[in-house]
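Feature list (source: Swiss-Prot):
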type	residues	note
SITE	Lys12	site 'Important for prephenate aminotransferase activity'
BINDING	Gly39, Trp125, Asn175, Arg375	L-aspartate binding site
MOD_RES	Lys239	N6-(pyridoxal phosphate)lysine
Amino acid sequence: MAFLADALSRVKPSATIAVSQKARELKAKGRDVIGLGAGEPDFDTPDNIKKAAIDAINRGETKYTPVSGIPELRKAIAAKFKRENGLDYSWEQTIVGTGGKQILFNAFMATLNPGDEVSIPAPYWVSYPEMVALCGGTRFFVSATQEHNFKLQAADLEKAITPKTKWFIFNSPSNPTGAAYTHDELKALTDVLMKNPQVWVLTDDMYEHLTYGDFKFVTPVEVEPQLYDRTLTMNGVSKAYAMTGWRIGYAAGPIQLIKAMDMIQGQQTSGATSIAQWAAVEALNGTQDFIPENKKIFEGRRDLVVSMLNQAKGIVCPVPEGAFYVYPSCKGLIGKTAPSGKVIETDEDFVSELLESEGVAVVHGSAFGLGPNFRISYATSEEQLEEACRRIQRFCGACK
């Protein structure tokens, strides 16, 4: 009898976590490494949010909470959806989890049966397909190519939907590409979904507040209100509020789904950390002034990285609308010989050789389901980004 579960054979470790770990190991050995693999802001959590957590500790808010979250936070979430997205949810239609990952996992665990399909646009966040596999679902990938700025086309979505499709995962702005959908681009997709009433929509809006220029964020139910009864809208405080370590994600959706997710979570972690929940109340209800300030910094970094990467031999880097990632193509380097003498045959080879040669850690695009590309997180200092891009330029120039 095998000791480990068969389900583990269907999943693989997170490539983004692996890259960050490799960078840390090399740094520990004395290597000069610039890590551009981590998907978290380099800003500190705002002081008013930290103070709310300290105040909660001093008030004794250190006990178990309701499984789906404290009422104060769930009411703040409902108010956020009304204020920012024009969506009406009662607080009972919301749920709080230990990060967005738990929200997604609970939704799949509560709904997927063997044979149920989940349509996942590629490139995708590395955890989507692994969660689906762990929960017994079947992954169905549909490519959103660089030709279309990594945005899924309606005709391709239509082809990907079958009678067995239970969920469609939508992520805008995207991790890993930074691509974000306009109202009209999203309307083309929701029109397809309206023709397929068996398909539920799981929208990951974690990067909602990180869009640049005059881009206006929209979420699926805003664009097509008739999807309200079969959409789970997920968000969190990690990215916009620089609270990745606080581990608070949340969602709103149909009450029967929220209750099912509550049941799963009740046998799993129960409520998220009480202190972090009180901090999240302040994040959602308190001042939002730092968000545009941080966005301006991110936008400047984006422009710097895109400009410098497009000067590197063999690299083509589109300009993303949001998040804090770029997803350049390294197709022009495939078949070239790296300074080590190794022939670069895949984007994974490119990333490995770049790390060994120049000490720059990025994530290979094949980990996200579409290559030959690589993902850079520009959530680090401008000085670090400039140096990393110079090293990438040097490495690409040395490939023959």
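Glycine residues also receive a Cβ, built from the backbone N, Cα and C atoms like all the rest.
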Restricting to the same chain and to sequence separations of six or more, state which residues have a Cβ under 8 Å from that of Lys12 (site 'Important for prephenate aminotransferase activity').
Glu130
Starting from the L-aspartate site formed by Gly39, Trp125, Asn175, Arg375, give every other residue of that chain whose CB sits within 8 Å of the mean position of their CB atoms, in sequence order.
Thr16, Val126, Ser174, Pro176, Ala323, Tyr325, Val363, Phe368, Ser377
For a quick check of understanding: given the listed L-aspartate-binding residues Gly39, Trp125, Asn175, Arg375, what is the maximum Cα-Cα distance in angstrom, as an integer?
11
For Arg375 (L-aspartate binding site), which of the three DSSP-derived states applies: helix, strand, or coil?
strand
Cα-to-Cα gap, Lys239 (N6-(pyridoxal phosphate)lysine) vs Gly39 (L-aspartate binding site), nearest whole Å:
9
Fewest other Cβ atoms within 10 Å: which of the recorded positions Lys239, Arg375 wins that one? Let me know.
Lys239
